[in-house]
Amino acid sequence: MPGMVAFGRRWGIASDDLVFPGSFELFVRVLWWIGTLALYTLHEGKFDCSGGRVLHSYLVVLLILLAFIILSLCAIVYVSAQGTITNPGPRRSIPVLVYVRAMLYVPELIWAILGAIWVSDDSQGCQPAEVGAVIAAVVASWILLLSTGVGVLFVFDPLGSTHPGPQSQELLGVRDLESSQGSQLLSTARSVAVRVWESRLRLLCCCLPRDESHRAAFSSIAQLVSGFFSDTDLVPSDIAAGLALLHQEQDKMEQCRDPDEALSHSPSSPIAEDLEAELEKATHCMQFAVAAYGWPMYVYSNPLTGACRLMCLRGRTTNLYLYDIVGGDNMGCHFSSVLHSTGLQYRDFIYVSFHNQIYEIPFFVALDHKRAAVLVAIRGTLSLRDLLTDLSADCENLPVEGVSGACYAHKGMSQAASYICKKLLNDGILNQAFTIAPEYKLVITGHSLGGGTASLLAILLRSSFPTLQCYAFSPPGGLMSKALADFSKEFVVSVVLGKDLVPRLSYPNMEDLKRRILQMVSNCNKPKYRILLQGCWYELFGGEPDDFPTEMDNRRKEELNQPLLGEESLLIRSSSSYQGLASEESPVHGSHLPLYLPGRILHITEDGPARSCSKTVSYGVEWSSETVFRSVLISPRMMADHMPDAVLLSLRSLTQDRPFNLCPSSLSNSHLNVI
């Protein structure tokens, strides 16, 4: 931090990022030099084949060339390891060393070509070992040259030009300009960044159609992503180092927390009986939420027998149901897995749709005779189209009759909920279901994207079905306004497992995470390579979190209000991320509207060490508050806890094995369920 400036542009790599790639290349070059020296020593004076004189000259020059490359790599690795992330002064000579190393690629390329010519023309009569050694040297040269080319493309920053021009002058440092001129250039720079991100999204999703809805989604996502990174000068390794530091800092705070500390939140239903009943219902509904994923989740959960079971079941039922399914389940595997996962019969399904487009996600409607419910299960993220729906995170108005206050929600999920709502009502799907079972009640469920969509769908249908219930598993944190979240507490229950990342994902939370990362890397006085090495060790093997000393303890806090600049940078002096550094308790959320989790929240936590080798897992559960999910927790479990099979396993362990730990705010943290 900031990105290295070389060859007239800024790159997506910092001057302290060359330690690991330089060390790896240095290791390869040293082995190569030793092997070449051994070959030359063993055959000195014995190059008596037709091309022996050329071979002798080739090896001598190759040894000298490799020696210069090794020396340049040693210098690069040593200098790159100096200083700290925000103190690049000791590394100011890195661009010069990079230029020297780049110049050495020219003779290496020439010598690789000459070696290839010698092998093809002058190697007749030479010993196989000699020819093989030259071939190995030529192949190694080309591999390293191609790897370098790929690496250059990987760290190339399309927005990194430092030369003024019609499209690049906005990328100059604007911190020294007058405010009006700086604002204008910043606006132009952001528009360029949006176009770059749109191009990246189109390339990533090249297999998707280029209709108006996809173009609008690309534009919305590009504006969101480019806006989030526009006021920082972080490279990916800076973010990785900041996350490693933040994880250890959070673990230290968790270790210092009093285990008997009373919970500060006051949930609406702190009664143990209510919690137990909701757990039973949630466990039952989660089976349908998992089933909505179709055969991929079924095979993932049953890796050894899942495929065989699906084939057997598909063979018996294919002719019965294929004509009724919307959206194309040509092989019959999706519906076969749904039947097997839910235990329902074919006649229990009212409507099944695997149709999948942006803002249009698969779902099914079935009669759940065990719970006397018409159950709507909505699938979570399983395709690029679903991912685009997830990332369409702008706020969209969602007016609801009888709700006072601002009513808005996540755009992608709001449109998905509207799509399903129209299908259910306009196509008479729910009328058909309640004609068959008029005494049943409506239950809506889903996981992740499906959970967020299910919550919004429940809000849309609440006026028509006052007794409906919704169980949303691992819904996204940035889902709905405060007014809608409070309104949904009457009929929506959200279930969150452990340190799941998704329920903590919202733009304010991500801004807070960015601020904390900046704070950690600004305060740490260790070089980045040491932070990353220790961070990897800590993630893999655990241990005690390191108490990283800081070089800024004695500085005035107000100095943190300005970016820490050590090289030419694109940082803006008025960056909200840096303004928030001075205060631990006052994150800046910018102009983005706050969004919240839906309904009442059941939080399932794992008791005991996170890296315990024991197969026994203990779970506790409590009614929680949305305030608990206002910051992102860094953990190896942050993605694993989001997986639907992990959520279902924890719910089953809590309900099938007694006694289990009920931890509402009025109860103690004891008698955890052990499985």
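Just so it is clear, glycine is given a Cβ too, placed from its N, Cα and C backbone atoms.
It should be emphasised that the depicted structure is a prediction, and the values quoted were computed from it without experimental measurement.
Listed in TrEMBL for this protein:
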- 376-508: domain 'Fungal lipase-type' (DOMAIN)
- 26-43: transmembrane segment (TRANSMEM)
- 55-78: transmembrane segment (TRANSMEM)
- 98-119: transmembrane segment (TRANSMEM)
- 131-156: transmembrane segment (TRANSMEM)
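Averaged over the domain 'Fungal lipase-type' (376-508), the predicted model reaches a pLDDT of 93. Beyond the ends of the transmembrane segment (26-43), by six or more residues, the same chain brings 59-60, 62-63, 66-67, 69-70, 73-74, 77, 127, 129-130, 133, 136-137, 140, 144 to within a C-beta distance below 8 angstroms of the stretch. DSSP states for the domain 'Fungal lipase-type' (376-508), grouped as helix (H, G, I), strand (E, B) and coil, give 57 helix, 28 strand, 48 coil.
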